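Asks: Please find one structure pasted underneath; my questions will follow.
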Ligand code: WT7
């Protein structure tokens, strides 16, 4: 993967500028206003949302370590589902809210209007209520990318219950940990999840997970394939049968702006994944605003984000942002390469997609298949292209720009995180020139700072590099870690006092534009999925044959980063190909297929300091095949282990 910087700039066309919600001059003016008077700025933006009780306070934030507290619009009340559905019914009841494109292109797409969405969400809310779900209760959602996933999210929001979505690629163990982590009352799943022509047995995964949870957890099962499932009477509930009987009206609950809307588990540099908590008023305001402005979404457009609702991108930019704006949002069940490498472009042409939002890993995979897969399809409706999840290499950016966008669609490289709720840095289509691989400019209300990693002092001026922090809060920011506020403060507010620490490195170039350089902690980014190396390590050492493990990321052509594991076996165990295979399967079982090790190297010893700390810097270099710059190894307890690791580096060459 080429990582060299390409500083060519691409200015937006006159046509793009003429259409845009925000031009360069407007950006400057609005950005300045958002910095000078954040309260005034956000009070105005919150008018995007229908409030039941208007707020009188806008912002109440304390970033001081030990007392961190973040509140927006704290005395206002609203309902998110009413904002995403009911308020559109009078004007766009017959407009598609969701276009659903199934895994198999031979199956029919569905167009779900706002009225139909209203009925389905109310039915689901009634079903959940009949299962005992009320305000503040937690509901785990473990579903394929089917419309019922959106219904489930919105039904929870309508009741005032808190959803926690678990990506369908997670294993039963990971699912159980998340059900227990938030003490969920109900899990919503489906019989099977078709993806790329294969089927994941979701219900049987849920069955396995439920062996490790409280007996009181109930399971609501959506029929997707009709595949056989085991059934436990009393525990398992048939969604399709219950919804058919349920009423299609349900009064939306009045929620405080700071009531939790959802929990979403994400990986960090230490320990097990943490439950990121997003709340109601600020989150929705921020998701709606960024969706409209970043993608330059206009009424009547067809918008497609290819993410899965199991990730924050799917929350903010498939469901909440677009529906709050009354948009038509496309939901895709499949994968980019099924049945062939033209699928994305076939879907774009079929549904006349105007804004398309995907991840660098997908772009790289498709780029490798050649331009003919794109050229076969009519992409003349495309106007904005987006990317998210990891730094995009210039080669992939240029291909996206030239082959997909034909040089006429601005690329918004949106940098943000599960924690941030919405985009924090991105060029805006009609306001900014773009550069291949740069996140360019802060969104309104966002004050990025580049800090010296050692001293924590702000580095002023341009042409500088350091760690990326944010100076002040924005409405979409996470509020806490579920059940562990201390961990929240420690993770984000303790290393650099008075700032929100992003965990990313960043460069502000000579023009003052921002480039994300990647994580500065032990988090790796595999195909745009965030993975804590500590999580994979603890999965490995849980295997009886493993004495010790160290996991690092290394550059991977398609995935961005691959998972490289150094494994030290117990004295009585011998390395073998079978054991290597067994460990791979083991990690998949412990965490899920997304955590499959790409490389396992047997390590008789790991490089450690005399105090026993593993020197990951050295392991990273070896994994990268970069032996010339290992740095000082003389402080190691046993420097000879390094020679052994180099000598035996896995998949040599
Ligand atoms: C991490 C957050 C936000 C939705 C998807 C991932 C990396 C994300 C970009 C980008 C460079 C990016 C960062 C960030 N990242 N977008 N446009 N350019 N890096 O959410 O799983 O919370 O991961 O993804 O390292 O910290 P996430």
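Any Cβ shown, glycine's included, is placed from N, Cα and C.
Take a look at what TrEMBL says about it:
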type	residues	note
DOMAIN	27-84	domain 'Acetyl-coenzyme A synthetase N-terminal'
DOMAIN	86-473	domain 'AMP-dependent synthetase/ligase'
BINDING	195, 196, 197, 198, 313, 527, 588	CoA binding site
BINDING	389, 390, 391, 413, 414, 415, 416, 417, 418, 504, 519, 530	ATP binding site
DOMAIN	535-613	domain 'AMP-binding enzyme C-terminal'
BINDING	541, 543, 546	Mg(2+) binding site
MOD_RES	613	N6-acetyllysine
Asks: If you compare CA-to-CA distances from residue 519 (ATP binding site) to each of the recorded positions 195, 196, 197, 588, 613, which comes out shortest?
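Replies: Closest recorded candidate to residue 519 (ATP binding site) by Cα: 613.
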Asks: Could you tell me which of the recorded positions 313, 389, 391, 414, 519, 613 have their C-beta within a distance under 6 angstroms of some atom of ligand 1?
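Replies: Near ligand 1, sequence order: 313, 389, 391, 414, 519.
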Asks: ATP site residues 389, 390, 391, 413, 414, 415, 416, 417, 418, 504, 519, 530: biggest Cα-Cα distance, Å?
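Replies: Max Cα-Cα spread across the ATP binders: 18 Å.
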Asks: With DSSP as the reference, give the number of residues of the domain 'Acetyl-coenzyme A synthetase N-terminal' (27-84) in helix, strand and coil.
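Replies: Residue counts in helix, strand and coil order: 26 helix, 11 strand, 21 coil.
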Asks: If I take the Cα of residue 541 (Mg(2+) binding site) as reference, which of the recorded positions 197, 198, 391, 416, 613 has the closest Cα?
Replies: 613
Asks: Rounded to a whole number, what is the top Cα to Cα distance in Å among the residues the record ties to CoA, namely 195, 196, 197, 198, 313, 527, 588?
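Replies: This binding site's residues have a maximal Cα-Cα distance of 24 Å.
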Asks: Which whole-number value in Å describes the distance between the Cα atoms of residue 195 (CoA binding site) and residue 546 (Mg(2+) binding site)?
Replies: 33
Asks: Considering only the recorded positions 313, 389, 391, 416, 613, which residue has the minimal Cα-Cα separation from residue 543 (Mg(2+) binding site)?
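Replies: Closest by Cα distance to residue 543 (Mg(2+) binding site) among the recorded positions 313, 389, 391, 416, 613: 613.
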Asks: Which one is it, among the recorded positions 389, 391, 418, 613, that lies nearest to residue 527 (CoA binding site) by Cα separation?
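Replies: Answer for the nearest of the recorded positions: 389.
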Asks: Can you list the residues of the same chain, besides 541, 543, 546, whose Cβ falls within 8 Å of the Mg(2+) site's Cβ centroid?
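Replies: Near the Mg(2+) site, beyond 541, 543, 546, sit 539, 540, 542, 544, 545, 547, 548, 549, 567, 583, 586.
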Asks: So if I draw a 10 Å sphere around the Cβ of residue 195 (CoA binding site), how many other Cβ atoms end up inside it?
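Replies: 18, counting other Cβ atoms within 10 Å of residue 195 (CoA binding site).
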Asks: Per DSSP, what is the residue tally for the domain 'AMP-binding enzyme C-terminal' (535-613) in helix, strand and coil?
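Replies: Counts, helix then strand then coil: 24 helix, 27 strand, 28 coil.
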Asks: What does DSSP assign residue 527 (CoA binding site), in three states?
Replies: coil
Asks: Could you check which of the binding-site residues 197, 198, 313, 546 is the closest Cα neighbour of residue 418 (ATP binding site)?
Replies: 313
Asks: Would you count the other C-beta atoms found within 10 angstroms of the C-beta of residue 588 (CoA binding site) for me?
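Replies: The answer is 17 other Cβ atoms.
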Asks: In whole Å, how far is residue 546 (Mg(2+) binding site) from the residue listed as 'N6-acetyllysine' when you measure between their Cα atoms?
Replies: 18
Asks: List nothing but the one residue from 196, 197, 389, 391 whose Cβ has the fewest other Cβ atoms within 10 Å; the candidates are the binding-site residues.
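Replies: Among the binding-site residues 196, 197, 389, 391, the sparsest Cβ neighbourhood within 10 Å belongs to 197.
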